[in-house]
Amino acid sequence: MKFILLYLLASVIATTCYAQAENGDDQKNFDNSTATFISALWFNAVLAIGFFGAFLILRSTRPQTYAPRTYAVAKERRPPPLPTGFGRWIIAIFRIKDEDLIKSMGLDRFMDLKLLRMGMVTFSLYSLVAIPILFPINTINQGNNPGLTYLTMGNVIDDNRTWAHCLLACTLSGLVWYYTFRETHIYVDLRRKFLLSPDYAETVAARTIYVPSIPKNINNTEDLERIFSKFPGGIRRIWLNRKLGDLPELVQKRQKAALSMEASITKAILATYKHHIKIGDKKNQVDEESLTQSDIPQKIRPTHRESSLPIPLPCFGRKVDTINFYHNQIKELNESITEKQSDAHNLKQCNSAFIEFNQQIAAHMAAQSLMHKKAMQMAPRTIGISPSDVIWENMNIRSFERMMRRFLSISATAAIIIFWAAPVIFVQAVANLETLSQALPFLSGINNLGPTAVGIIQGILPAVALAILISLVPIIFTILSTKEGIPQKSFVQLSVLHKFFFFQLIDVVLVSTISGGVMTMANEIKNLAENPFGIINILSENLPKASTFFITFVMLQATNQSGQAMLQLVPYLLSYIKPMFSTTPRDIYNAKKACPIVNLGTLIPAQTVIFVLGLEYGVISPLILPFVCLFFMLQYFVYLYQFLYVYEIPYETAGRAFPRAIRHIYIGLLISQLTLIGLFAIRKGARGQMGLMIACLIGTSFALYYYDCAFKPLFKYLPVSTFENVDMDTKKNDDLWPDDNVLNVNVQDDDKENSKTGYVSDDSVDSENNRDESKGSTSSHNYNNNEKPAFSKLATHSSFNSHTPVEAYHARYALLKRLHEEKEKSPEDIKKDKSRIVNAAKSLYEAESYMHPSTYDPEPTIWVPEDDLGITQKEIKDLKGSNIDATSRGAAVVRNEKGKGKVTIDEERLIHDYQGAPGSAPSAGNQSNVNNYVRVLVDNMNFFAAATIN
């Protein structure tokens, strides 16, 4: 950091001194270029000081904005507390070990930090070597180019001096080769350890594959079991995806109605408090038995208009009581949804399924095997999709259709990149006012505004405008990637990562370089159409001229982007504004518990494009190097803190974005080498340098080819050698569920019911011969109907290692049946069976993992705050009378000095102890949320207090 600051100071002094030594037209040209650089330098320095200074002041005042991960995530993933005192916390976060970083933030975010480390080390080492060599070679006894081009390779007249540029380019290439392979070896090892760690290996996703394009004749439990049971350990569970019709819309409508119900009751309670103050009613207690509807005055009870119009309009529709309306609507929706959920297994199937194996190795083997004799059937299979990561709308897209969608998406992306070039060209033209004024004479007066004004226009406005243009693109790319039919949200972001990088590479780097001016671009395009290889010469001529623009662009990204990410100004302001509009306990809970989501699909391309600019201009214009180093240093500091204490991601890909970023670096390296080949080609005395660069280009191409051959399979799958033996792996899985702690999940008399409902029992998936063979042994899913329903040792985790898989709908049905039977027992018996109930709930959690959320979405819990008037208790009683669950647990209305009510929640218990809001079950499949899921399920079924479940 000291080196960079000293160098920046020295470069400013050097360019200023040179400006004072020149006169005439060259002096004018130089002043414009120098003023551009100095204006951008001062502007970005002020930005950096402002952003980071404000953060240092505000950090400790608002944990909700600057440290939500210290309380809003699972306890085992919370970062260590930071010491107080200025500067001490900075030292503390840099001392956190990599193992602790991975445990807290996951491998996806950690590998982004590794990418930033690689950029920081690569360009710091290269700068220490290149800057002392290239500046003297470019300036001493050479040309007299105007402006900052005096410091570039374009100022060199003696061709022999370009050997230094050639050798330094080879050195930079060698550094990139070394660090990419070194960091990838480390990544592969980290990924292997991550996938084999108990925290991940014991999740359902670790053993489950997604199978698309299943032919109709084998899209059933029996045939899928027959095909996939050939892998070690066999199948544990099968989820057949189904077309659910309007069920998801009904569930969404019910959820919306529940939120409206909570808001209506809460607002009515607060309005009643104000009404009592207004009429002078000072009573604090009201007998619950005496409460009637009049306790909420009729004029205060919330109302709204209901209309059949698709867009609600004021004064149209009949006026209804809001509380009563949503009460009745939720009751009707509960009945309708419950009926549809119970019949979900009979709905038409999609052409895809999720298959869970007993052993992790089996899932990896099945994902790589050829499963069907026909092309594009049951392929490509995907492993490790988290249940919360599934895009359910894309579950019925065949592989050929998905391929065509991808082709159309890529075509649309190419069109966007081409048409987006026009505004980028104009922005670049503004960065070169002299050329622009020649093409548009009416703008020539701008050059007479003075060096400072011209510097601001050229050095600040184009970079800011370009950053705004870039920010609009990811939204479009996300829509395109989703429409491709990608089955998981995380891979949509990986697709956006590719698209966004190539957009920036072409429209930000190449187009900005090629377009020397907005009017000359037409001729350049015409020339390129006639001679596509002429792009090398165009790049060679324009790269030195465009360097000032990219230096200011890198400066802006280093200071503005990093500073904004650190300061979190908008979330900081919203943390004060949102409470004003958060009236219900759930609104308050969501506002206080929310962690901002980081999108690696747009974050990483913004980092790799700076890496590419460093490779592209590091030899041609070494003045950019200190700012590239500054960018990676600030980015590493910012995101080390933000990933630990602020940002969260909803799903984990085990670092799959990292190898894609490495490929982007190699693409940038190839472009930089092609450009240098072009620069040497137009110099008659640089044939040897050109030959060496061609050899370096071949070396980079081979390195990329070897990189793909060596590592690509390891990015997707675990090698068989990582599993010492199958028995050990099976035992590891069996230990997850002790034999005496799991509910019996099937019943002997279920066969008859199965034939009516369509549930696939374990017995029905086998042939008659297999059934006969098993008659002599006790079925792992049966119990005597004459006996009392009881827990059994028979339905253990290891029972799933038998030759009969469990169809997910049937497993869930059986578990729910047993849980409801246990619910009818006496409180004493229930408490004795607490551990077994908890483990049964965990089994239910696994069974629901890859079912569409709407097929098991529980009836909503209406959460309203307790009040001292007794209104809440009466509303809860009315709701429960209609079989609508309601509670006031953890929320209350507190009077202030004037008697007005304010809604508060028990933050310590609900948020800091990670118990969650009533009824807010987490997404299935997230291992860290299993205990929360159990709390919600057991509490909703009224077994015993949820707080007692650990």
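Heads up, the Cβ atoms here are built off N, Cα and C, so glycines get one too.
As annotated by TrEMBL, signal peptide applies to 1-19. Residues annotated as transmembrane segment in TrEMBL: 35-58, 115-135, 162-181, 407-433, 453-480, 500-522, 594-617, 623-644, 665-682, 688-707. The domain 'CSC1/OSCA1-like N-terminal transmembrane' annotation in TrEMBL covers 37-183. Among the features that TrEMBL reports, domain 'CSC1/OSCA1-like cytosolic' is placed at 206-394. Under the heading domain 'CSC1/OSCA1-like 7TM region', TrEMBL lists 405-680. Sequence annotations record features per position, and here TrEMBL assigns region 'Disordered' to 747-788. Annotated compositional bias 'Polar residues' per TrEMBL: 776-787, in sequence order. The domain '10TM putative phosphate transporter extracellular tail' annotation in TrEMBL covers 833-903.
Across the domain 'CSC1/OSCA1-like N-terminal transmembrane' (37-183), DSSP classifies residues as 117 helix, 0 strand, 30 coil. Looking at the domain 'CSC1/OSCA1-like cytosolic' (206-394) alone, the prediction's average pLDDT is 86. Sequence-remote contacts of a segment are chain residues at least 6 beyond its ends whose Cβ falls under 8 Å from one of its Cβ atoms, and for the transmembrane segment (162-181) they are 118, 121-122, 125-126, 129-130, 133-134, 137, 153, 156, 615, 618-620, 662, 665-666, 669, 672-673, 676, 679-680, 683, 686, 688-689, 692-693, 696, 699-700, 703, 707. For the transmembrane segment (115-135), the residues of the chain that approach it from at least six positions outside its boundaries are 3, 7, 151, 153, 164-165, 168, 171-172, 175-176, 179-180, 183, 604, 607-608, 610-611, 614, 618-619, 622, 625-626, 628-629, 631-633, 635-636, 639, 658, 661, judged by C-beta separation under 8 angstroms. Long-range contacts of the transmembrane segment (623-644) within its own chain (CB-CB distance under 8 A, at least 6 residues past either end) are made by residues 1, 3-4, 7-8, 11, 48, 69, 79, 90, 93-94, 96, 101, 104-105, 109-110, 112-113, 116-117, 119-120, 123-124, 126-127, 130-131, 148, 151-152, 547, 550-551, 554-555, 557-559, 562, 565-566, 598, 607, 610-611, 613-614, 617. Here the domain '10TM putative phosphate transporter extracellular tail' (833-903) is broken down by DSSP into helix, strand and coil counts: 29 helix, 13 strand, 29 coil.
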